[in-house]
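**Q** Per TrEMBL, the feature heme b binding site maps to A:His31, A:His80, A:His130, A:His169. The transmembrane segment annotation in TrEMBL covers A:21-41, A:61-85, A:112-134, A:154-178, A:199-219.
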Amino acid sequence: MKQIKIDKIPARLDFIQSASGLILALFMWAHMFFVSTILLGKDVMYSVTKFFEGEYFFGESYPIIVTIAAGAIFIIFIVHALVALRKFPSNYKKYAIMKNHIKSLNHTDTTLWFWQVFTGFAMFFLGSVHLYIIMTNPSEIGPYASADRVVTEWMWPLYILLLLAVEIHGSVGIYRLALKWGWFEGSDTKKSRNNLRKLKYAITIFFLTLGFLTLAAYIKIGIEHKDKAGERYHQVTKTVQQGAQQ
Amino acid sequence: MSEEKNRILKISILRFDPNDPEDFPHMQTFEIEEAHGMTLFIALNEIREHHDNSLKFDFVCRAGICGSCSMLVNGTPTLACKTLTSKLGVNISLAPLPLFKLIGDLSVYTGQWMRYLNQHLETWIHNREKELNVDKLEERMEPELADEIYELERCIECGCCVAGCGTIQMRQEFIGAVGLNKVARYHLDPRDKRSDEEYYNLIGNEDGVFGCMSLLGCEDVCPKSLPLQVKIAYLRRMMIKTSMK
């Protein structure tokens, strides 16, 4: 049979958009759990930081690991943004038509798409700033270093906006991915979709709550540590134990 | 005996005759008394009969089968004949479906768009036989498969999914759920001998399945409750698989 030539690019772009979105969303959920360890105490957060710097594997910290990881995420982030751009309204006229359609149709999933585009656009700037800082200052992560960045270096306004954008964009994105590819369809697709939507709202609320509590914890530490900004955290237990041995 | 008064409905209709150079789009409100079991189709007939006989709207079957009376009811695409006024408030706005050629008032020419779509997607069985033999028995198929095909064949081409689709609002070349549903229907049919690559050439692009943004307006406004979301996901998976061959 004669082989028919097909243009594989549209399929690849669609796949790349979904795959990169899925990786970023899963990463963000994991990231939120890691940073929220501050709620369990400074020592726990410090241990997580050292774990990602490879201290438990190599015996000493290598912040370059954080730079490489942040760089990889940054590349996926840029690729995702690039391929997702093709779904954005390409000019003001199309934006106005879409806005009018959303208003007139008053349809939940169409409205959610608008929020996804809006938060995605916001993340071009907010996410890039954060990723660049982490990439270039990999050793500046820790109970005091992160809290100083939030308060003394005035990152809290950006983090509030970034938190809202990421959690809304991520949960709507995962929900849409499930529908787009037919995951968790089940025998009753209407019921499955309803359940997925409820799960989406629950996930958004959960991560926003966790995120704001975490941010509040860093702000509290940052304010308390303001006078000693720049000083790094050291595990108290370790120091006391070492002191006792001496 | 207490007499309950019927509601007075205020029906605002977008009026416009594109063939009249002096006319311009404007809303006109009619007040009519609601009757028991009244549908929008009945209400529109009452308006035409007692208020304004120039009002244009379409209907044929009055039973949700022909798809002629599709229109925007309070912004949502639906069939006038299937919509009970009792399910709506007293203020009702009616407008023609967007994107289709306007004939006048609430009447649009969906046939032009649908014909182009059917020609473009070649929505007929491609059996590869050079000569038509009407005496030949059709290939048998499993009842479950026949049911699945029939389910998709129930599309009445009313245009509601097109009007409810945000993607088409921005990119009018997009074939919409109606087109994708048709492709899924023929892809399922074992009598259609088109290869996956041929199907890919039909819908494996931004005007086809990869243009769909999964807004699901189509699924939610379809008056026949067709499984559009499921079939679009099925086509997407199939097209990705084909692209990986």
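Yeah, the Cβs are placed from backbone N, Cα and C, and that goes for glycine too.
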**Q** Using only the Cα atoms of A:His31, A:His80, A:His130, A:His169, which the record gives as binding heme b, return the largest interatomic distance in Å, rounded to a whole number.
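**A** In whole numbers, the farthest two Cα atoms are 18 Å apart.
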**Q** When neighbour density is defined as the number of other C-beta atoms within 10 angstroms of a residue's C-beta, which of the binding-site residues A:His31, A:His80, A:His130, A:His169 has the lowest density?
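**A** Each of the binding-site residues A:His31, A:His80, A:His130, A:His169 was scored by Cβ atoms within 10 Å; lowest is A:His31.
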**Q** Residues near the heme b site, A:His31, A:His80, A:His130, A:His169 excluded, by Cβ within 8 Å of the Cβ center?
**A** A:Leu24, A:Phe27, A:Met28, A:Ile73, A:Phe77, A:Met123, A:Gly127, A:Leu162, A:Val166, A:Gly170
**Q** Which sequence-distant residues neighbour the transmembrane segment (A:21-41)? Criterion: at least 6 residues beyond either end, Cβ under 8 Å.
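**A** Same-chain contacts beyond the flanks: 48, 52, 73, 76-77, 80, 84, 143, 146, 166-167, 170-171, 173-174, 177, 207, 210-211, 213-214, 217-218, 221.
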**Q** Please report, as numbers and ranges, the same-chain residues at least 6 past the borders of the transmembrane segment (A:199-219) whose CB is under 8 Å from any CB of it.
**A** 29, 32, 35-36, 38-39, 146-147, 150-151, 156, 159-160, 163-164, 167-168, 170-172, 174-175
**Q** What three-state secondary structure does DSSP assign to A:His169 (heme b binding site)?
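**A** DSSP call for A:His169 (heme b binding site): helix.
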